[in-house]
DNA sequence: ACTTTGATTGTTTTG
DNA sequence: CAAAACAATCAAAGT
């Protein structure tokens, strides 16, 4: 087991973070300060990038795509997405792991493509940053426009 | 906006 | 310093 090496050398396996399976770190008691998180996120100010690949759909979402079609056929009267979501959620939980299996597999494939697209996207970003000399560390890569925050929803 | 779950990321805490 | 754990945000579709 390579996991044994992790704790002694520090060879961290990205993405293979296993929950305290053989060793508990200790219960967290102090309530996290969410305010900072909220604030930090705002500071990030994600710039609108149409080329930026969106997140890959999870197994549930892959199932949803199919479910929506089916559900619409069976319930042409129901047009609310909320109704479909609830129905899908219930159906999803009703499905066995084996039935969800194929969906998870598809989700994994989508994720793999996403990573690939991100790689390409990152490269482009790097290239752009490259031509910008030494002034890129700041994610405020705001060239020209002086507007701030892209708060579209939240009414 | 509502609605579903999951997956990823971000922040905090502890060892 | 690193890993673990928790918290939050985001992914789509139709009215």
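In case you wondered, yes, glycine gets a Cβ from its N, Cα and C as well.
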- Which one of these stretches, A:15-59, A:60-104, shows up in TrEMBL as region 'Disordered'? A:15-59
- Note on the structure: Averaging pLDDT over all residues of the DNA-binding region (A:53-122) gives 94
